Amino acid sequence: MFTSSLYLAALLSSLVASTVTRKLGRRLSMLSGGVLFCAGALINGFARNVAMLIIGRILLGFGIGFANQSVPLYLSEMAPYKYRGALNIGFQLSITIGILVANVLNYFFAKIHWGWRLSLGGAMVPALIITVGSLFLPETPNSMIERGNHEEAKARLIRIRGIKDVDEEFNDLVMASEASRQIEHPWRNLLQKKYRPHLVMAIMIPFFQQLTGINVIMFYAPVLFKTIGFGADASLMSAVITGGVNVIATVVSIYYVDKLGRRFLFLEGGVQMLICQIAVAILIALKFGVNGTPGELPKWYAIVVVIFICVYVAGFAWSWGPLGWLVPSEIFPLEIRSAAQSINVSVNMIFTFAVAQIFLTMLCHLKFGLFLFFAFFVVLMTVFIYFFLPETKNIPIEEMVIVWKEHWFWCKFMTEVDYPGTRNGTGVEMAKGGDGYKIV
């Protein structure tokens, strides 16, 4: 209950955050998340009973819901389209660094009788960073135009782009804003045929992200390693190692995402995770059999298991980890962006909660089969990406309709009535080259 209450709270708050993000701006949504996170960390650090722990955890969940709703959108809207992937993955990089720091601190705090208070209360540090930082961040031009501040938005766009000739991008934002103003009920409009690809991606990408099995590794790494034969201290250290791999691989993704594209990283990461999950399942099966009786692993055997798990974590960290947040944040039109992002966050939290609830039961019953269970879903998600996700690199965020109109399957949902004008319906001609779509 203590662990899972966070995800349920994040699910609920992401729905409220959608309205705040759309009507009051991305900055205020981030600020709200930071304040809620500060309150939750403070209560948990000084908790005197289980009720206080759960209340603090719920407030942390509220904060996560607001942050996950607003931060990816903010980064995608502020970044130049050529570097949008790398800059947006900064969000995931911060998460992975936080996981690593938490694992390292927990390793040392575990030796202190009241170290758990330091672990829980330490969340105040990142919470203060996002709270104070949001006070100094500029609002996105997209959000300012959406709320009617055109002149200020153009001045802001000139400042963040560093050039005066921003008329083309500004006009695209104004057109998107005008379309947004015609939408009174974005949640209802999400069900329209022309938004079918966006809705499918908002649901399927976070669904598959959680069924890679990554949270099983990252959340329960100490339990998992101890179960397969590591000692208590060694299992905590193994969690630190996987956290370090997570950070390094995310940096790799930042470097390559705008060079190789989203699809390549998704597909390569899927194959890499699949191979490692099957390998770990075989290693555990050979050692413990179907009974799964815990025991000590020979040192060399344990090292091999850790290596495969680290390679698996790396595969996730440069594919489904960052891209699970990047791609949804860049494909939604402005008129449904906040609502669609809320669905993305909500689905993510629902399945994070579900996996956290059933993991230990599945581990007890499936043993090594748990890795094969997640491997099955990795196959499904890799096939899904191959056939249904178009490449989105190097496309201005308000011109993203082109990738759907050019796609073999989604084009049937994108009509000229909904998107009149040229091929992409925006008045801008696009061409597909070796490194993605380009404005011509």
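Residue numbers in this text run from 1 along the chain shown.
Backbone N, Cα and C define each Cβ position, glycine as well.
If you take every residue in the domain 'Major facilitator superfamily (MFS) profile' (1-393) and average the pLDDT, you get 88. Here TrEMBL flags 1-393 as domain 'Major facilitator superfamily (MFS) profile'.
The annotation signal peptide is assigned in TrEMBL to 1-21.
Taken from TrEMBL, the feature transmembrane segment covers 28-47 (among others).
Taken from TrEMBL, the feature transmembrane segment applies to 54-75 (among others).
Among the features that TrEMBL reports, transmembrane segment is placed at 87-109 (among others).
Long-range contacts of the transmembrane segment (116-137) within the same chain: residues 27, 30-31, 33-35, 37-38, 40-42, 44-47, 53, 56, 60, 63, 67, 74, 94, 98, 102, 105-106, 109, each at least 6 residues beyond the stretch ends and with a Cβ under 8 Å from a Cβ of the stretch. Here TrEMBL flags 116-137 (among others) as transmembrane segment.
Positions annotated as transmembrane segment by TrEMBL: 199-224 (among others).
Long-range Cβ contacts of the transmembrane segment (236-257) within its own chain (Cβ-Cβ under 8 Å, at least 6 residues beyond either end) map to 85-86, 89-90, 92-93, 96-97, 99-100, 102-104, 106-107, 110, 217-218, 221-222, 225, 230, 265, 306, 309-310, 313-319, 321-323, 326, 393. Annotation comment: TrEMBL describes 236-257 (among others) as transmembrane segment.
Under the heading transmembrane segment, TrEMBL lists 269-288 (among others). Long-range neighbours of the transmembrane segment (269-288) within the same chain, counting only residues 6 or more positions beyond its ends whose Cβ lies under 8 Å from a Cβ of the stretch, are 212-213, 228-229, 294-295, 297, 301, 304-305, 308-309, 311-312, 314-316, 318-320, 367-372, 374-375, 378-379, 381-382, 385.
If you look up TrEMBL, you'll see 300-321 (among others) marked as transmembrane segment.
For the transmembrane segment (341-363), the residues of the chain that approach it from at least six positions outside its boundaries are 3-4, 7-8, 10-11, 14-15, 17-18, 21, 65, 68-69, 72-73, 190, 199, 202-203, 205-207, 209-211, 213, 215-216, 219-220, 223-224, 227, 324, 328-329, 332, 370, 373, judged by C-beta separation under 8 angstroms. Positions annotated as transmembrane segment by TrEMBL: 341-363 (among others).
If you look up TrEMBL, you'll see 370-389 (among others) marked as transmembrane segment.
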